[in-house]
Each structure stands twice: as C-alpha cells, then as structure tokens.
Amino acid sequence: VGFKAGVKDYKLTYYTPDYETKDTDILAAFRVTPQPGVPPEEAGAVVAAESSTGTWTTVWTDGLTNLDRYKGRCYHIEPVAGEENQFIAYVAYPLDLFEEGSVTNMFTSIVGNVFGFKALRALRLEDLRIPVAYVKTFQGPPHGIQVERDKLNKYGRPLLGCTIKPKLGLSAKNYGRAVYECLRGGLDFTKDDENVNSQPFMRWRDRFLFCAEALYKAQAETGEIKGHYLNATAGTCEEMIKRAVFARELGVPIVMHDYLTGGFTANTSLAHYCRDNGLLLHIHRAMHAVIDRQKNHGIHFRVLAKALRMSGGDHIHSGTVVGKLEGEREITLGFVDLLRDDFIEKDRSRGIYFTQDWVSLPGVLPVASGGIHVWHMPALTEIFGDDSVLQFGGGTLGHPWGNAPGAVANRVALEACVQARNEGRDLAREGNEIIREACKWSPELAAACEVWKEIKFEF
C-alpha cells in the first residue's frame, strides 16, 4: 500500500477500546474537557496521539516504523459523574517510549505537548500507573523511612519539625540561634524556608556553618540526634551539588531541595549524591499549586508525589488535611499511602485510579506543614500515624514565651497523644481532653493552648 497523504481523525488510529493493557505499559488517567462538537473518543485519541507517536497529518516516515508497537492508545473512556462534558480518558503507553530512570523524559512525553491542544478545552492528568519494569530503573528515595529512623534513632512516633521564620531577612547568626532554641526545646528538625537559598542578607555558607553549630550544641545538650534541612537549591546543578558537598563535610544529617522549581533532573542528581554520601533529602513542593490547584486542568498532586518517589526524596510536603473538607481528607490520605506503602490497591474513593506496585522502592515520609498548632496534634497523630513529619513554624516560634518553650509545648503535646493512643484511647473523640490533661504538668503547653484557643474538630 502506498503512502496516503492527508489528515485523518486521530480516533481511527489511537482509539482502541478492545486493547488489553500490558503489565509493562505506563497507564494514565486524564480528565478531558473537549471543545464543543469534539466527540470524547476523538478527544481521548488526541491525547494518546500527541503524547506518543502522532502528529496532525499522516507522514511518509510512518512507514519506516511499526506504529502498532510504539503508539499510545486510548483504551477506555468514562463520563465524570456530576460534570457536564468531562470524561476520564485512559491511555496506555508502551514502555519503549520512555528513557530509563528519567522522570524528566516521562513527563516531557506524557504532559509535554498535549495540554495546549486546540481540540481540548482543558486537560488534567489525574493518575499514572508506573509498571514494575520502569520502577526498577529508578534509585528512588536516597534512604527511605526505615533507614531514616535508624539513622536518627527515633521510633514509634511522628517526627517534629519547625520552619524558621521570618523566612527572609535574618542574619546567619540569628538564624542559627533560632535553630538552636527549637532543637534544644525538643524538636527533631528545623527547616530552611523554601526560598532561603543564598541571598545578600545571608549567604549559604554562613547559614550552613551557624546551623551546624546550633545542631551540635543541641545534640550535646539533649542526647538526641538533631537535624536542620539545609536548602541546597541553587541556580545551577553544579552549585547545588557544591552546597550538598559542604553539608556532608560539616557532618549534618539532611539537606533540602525545592524539586519543582529546581526541576526533576537536578532533583534526581541530588538524590543520587545523597544516597552515595549518607545524606537524607527533604523535599519542598514550592510551585505545586500552579500545576495542581485547578480541578479540570493541570496535574494532580498524587502524580507529582509519585514522580518524586521515583526521582528521589526522603520527606515531601503533602498538606495537613486538618480543617479541610472530608473528601479532601480521603484524597490526601490516598497519596500519603502512595508515598509510604509498597503496594497500593486501586480505590477511586481516594482518587487512586490504578493499583500501584512499588516493589522495593523505599518510602517517603509525608510532611504536614502550614497553619497547624498544638490543638491539632491529636488529629494529626490520628490521621498521619507514626510515619510522618509534623511541622509547626508559627506554631513553635509564635509561642508567647519564645522559641524553646514553643518547641517544648509541641513535644509534650505529641508525646501525650502518642501515649494516649498506645493506651487505646480514641484521639478523634478525646483529643482536646488529652491536650488539656497534658497542660497540667507542662506550663509551656498550657501557655500555647491559651494563645491558640481550642479548635473544634468534627472527625
């Protein structure tokens, strides 16, 4: 058959409802909003074509390859309940389309081009199924949950953190002082803010030195292992690695990276360096809401979370759930499980479109951070369980007596909640009561409770 020039409907080639997916396929669930007059099958096929082998017209060179082997296929379409003209299009991609061990390449293929397509009014990537064969090409988190607990010698409870505020403007010496006070008071970690890199008021090397000094002083006084997330994010990959090398030379346990603004290539390089040199890696998701906030367009955070587990990170910020809507709680817990567990069953009520097997890829600790304080502690302990980091920035530094008492209040509240839970008490119902009891023998906690009057949780 000779080459037949011209434009034909995508669905003739790329919509294949009879296709049986393979174990090695990467599967994607897209929320598609077609333009008026575009049938859903065509819209689904557009997505499959433009994110794999297709282009707008038939080309002569199609005859030089086996399209059936390499093309993406839209294999199922379902309407979205309660939404007019929205569909979930399921697309299967052959594994050969992707470079091994490259999150960058995976995203460039799947979401690189198709989101600006005229036939679509809006498009959102809701979930990805990463096949075992592809998972195995990634190093993943530098260390993972178990190794981190062993390094820190901390078991049976969530870890406590605090972001140092004001985030910009402190000198390195004053910054280090705040770090020391928080760690001395009982926190496990303190944190550079995501936008603390190396600015005129505080260059990175000075900050690293003063924070390391604070860390060692607090360790000596408390007998506990302490950490400060030193933000190694920089303008170039070379500079980022240089900062990580200096952190390693100081002997600190953990560094930090802003993985979306820094980019997946830089993040994966840093994760490899961290595994090779015994550093834990804390990941901040600055810029995520630009990508994931719109319900009908962009990429859902669960996909960004999966991508981070592949690229590599030991902690990642994942929202707080507290005080949010019920549905959001289930959805958040869905991607928290995707970060921590080895094997996650498909569960649409939690937003999980595919069963995901991570084989032996280490897990990532979810970090709850943003607007939380001591009254939230029972809810956070209940919702996130032991394998999490609870971060109180203002909830530590906003204590009326200062930073160290703020840290004491948080640690006492956490220990009280963990003890109550281990005794079989119901944190959901008795949370406020547990905190009030603990106040009796901790004036620091009592003062914190007074400032942030109790919040009512309807579990």
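Cβ from N, Cα, C; glycine included.
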For the substrate site that Swiss-Prot gives as Asn113, Thr163, Lys167, Arg285, His317, the extra residue out of Ser349, Ser360, Ser369 is Ser369
Recorded positions near Lys4 (N6,N6,N6-trimethyllysine), in sequence order, restricted to Lys165, Lys167, Asp193, His284, His317, Ser369 and a 10 Å Cα cut-off: none
Nearest to Lys167 (substrate binding site) by Cα distance: which of the recorded positions Lys191, Asp193, Glu194, His284 is it? Asp193
Taking just the CA atoms, what is the gap between Lys191 (N6-carboxylysine) and Thr163 (substrate binding site) in Å? 5
Once near-sequence residues are set aside, which residues in the chain of Arg285 (substrate binding site), 6 or more away, have Cβ atoms under 8 Å from its Cβ? Asp258, Tyr259, Leu260, Phe301, Leu304, Ile316, His317, Ser318
Measure the Cβ-based neighbour count of Lys4 (N6,N6,N6-trimethyllysine), defined as the other Cβ atoms within 10 Å of its Cβ. 7
Give the three-state DSSP assignment (helix, strand or coil) for His284 (active site, proton acceptor). strand
Can you tell me how far the Cα of Glu194 (Mg(2+) binding site) sits from the Cα of Asn113 (substrate binding site), in Å? 29
Distance from Ser369 (substrate binding site) back to His284 (active site, proton acceptor), taken between C-alpha atoms, in Å: 11
